[in-house]
Amino acid sequence: MVVGRESRSKYSTHIIAVEEVEVPTCMTENSADDEQESMTTKPLLNDDHDCFSAKGGFRTMPFILANEAFAQVASCGLQPSMILYLTGEYHLNMATGSNIIFLWSAATNFMPLLGAIVADSFLGRFRMILFGCVISLLGMALLWLTAMIPQVKPPPCHESNKSCSSATSFQLFLLCSCFGLTSIGLGGIRSSSLAFGADQLQKAGGHNNGRVLESYFSWFLNKACIILDPEKDLTTDGTAADPWSLCTVNQVEDLKSILRVIPLWSAGMIMSVNNSQLSFSVLQAKSMNRKFGPNFEMPAGSCSMFAVVGAVLWIPFYLQIILPVASRILGRPVHLSTRERMGIGMALSFVGMIVAATVELKRRSLAIREGYSDDSDAVVDMSLLWLLPPSFLIGAGAIANMVAQNEFYYSEFPRSMSSISSTLSLLGISAANLVSSFLMNAIDKLSKLGGKESWISTNVNKGHYDYYYWVLAGLSMLNMIYFLICNKAYGPGKEDKKETTFHEQDD
């Protein structure tokens, strides 16, 4: 790496320019000999702190995917049923239980951002994933103990008068500690799995070349890397005397990349509010006919599987049906950009909320007609499969938007921010859970004015979950308009420039 310094006068503007060279930054005098080392002696996995480790390639994928899959089972598979555990075993009402789940989910999706910073700056991705696995296992073990040890949760309700004892402060603290440990552990895993897997698929040695630094200087943040007084701003070795006031071009460009995508990121965050309403669908499922055949009854918490099915089926549906049909109609290969797919995900989620409101209106009307308005444990004559269409649409919209977000951030950000870019969508989900908690509390308080029953009552037949879903559908419509405005204001991105260059070369 060569650092050049232009000097005109003591008080003239100076700019440090970094020039790319062919020698990797981590190369030592003996690196030429090390590079001749046989591939068989290289480790299976590549870590960030080893510049010459061979890339693992596809042979590492089963391990990385299996680890991520088990982590998802521990979180996504547990959260939908947790509302039944909190209301049934800890005797919490719907609003309080949902708030705990919202905050737990927010922490789980925020921790990957902190984990990404630590992984990129200190530990490396492999060590961060290992740390996350250990802490997540500890949290899950403690949560299991809360179900096994009677003393750590309230006693069962009295059958005679239906009176229930509230959880003590210690019992709630232990429960929340379990959630906190699982959030920290899952944050460590999620923060680095995507970027770690991407590293393994890159060609060996391809990332060891010097980083290309785009040192064009336009006035939104570039003045932070301009040297006004060399004697004051630089030390004898050419580094910044005060890093807080004089930044490198990389630091400035990294910050500009983040600030530029915040409007589009916020649109994805609002869409994720729809995806965080699993607790409501679980209570709906509990009051519906879940029998399939004479001997099988699906658990209410398993209704979240419908959203997973929608997410899984969307990808082949998009690749094998939508793109080929569109290409055949237009007579040319069709490729949807990441931002176009983000918009499709928002549209699917919007339609899903409309369908969810319609289905809940039918379920509630049927429960009242059958005389179950005061009995939240009664099962109405309505199949659980009615929840399939809205769950499918919301799940498909979520995966379409999230995959597109990850691709968009990964293409727009420099490689030095790869772990952070892969966690921005999770950070959006974290913020969405906080927004959901605020929105639910506001609707709960407003709908109870005048002594009325809350829209989100624990008794699903007395509440008005359909009204709540219509509010979310209206918010989704406004969010789509906001996304279109932000997308137009963003202009062409790096992905669009690459597509333009590719078509020009093809022509």
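Glycine residues also receive a Cβ, built from the backbone N, Cα and C atoms like all the rest.
When the ranges 69-88, 209-228 are checked against TrEMBL, the one recorded as transmembrane segment is 69-88. Taking residue pairs at least 6 apart in sequence, the transmembrane segment (384-404) and the transmembrane segment (305-330) share three or more C-beta contacts under 8 angstroms. With a threshold of 8 Å between CB atoms, the same-chain residues lying at least 6 positions outside the transmembrane segment (424-443) that come near it are 95, 98-99, 102-103, 105-110, 112-113, 190, 261, 265-266, 268-273, 275-277, 402, 405-406, 409, 455-456, 468, 471, 475.
Most Cβ pairs under 8 A with the transmembrane segment (169-189) among the ranges 69-88, 342-359, 467-485 are made by 69-88.
Segment contact is absent for the transmembrane segment (69-88) and the transmembrane segment (467-485), given fewer than three CB pairs below 8 angstroms at sequence separation of 6 or more.
Most Cβ pairs under 8 Å with the transmembrane segment (467-485) belong to 342-359, among the candidate stretches 100-122, 129-149, 342-359.
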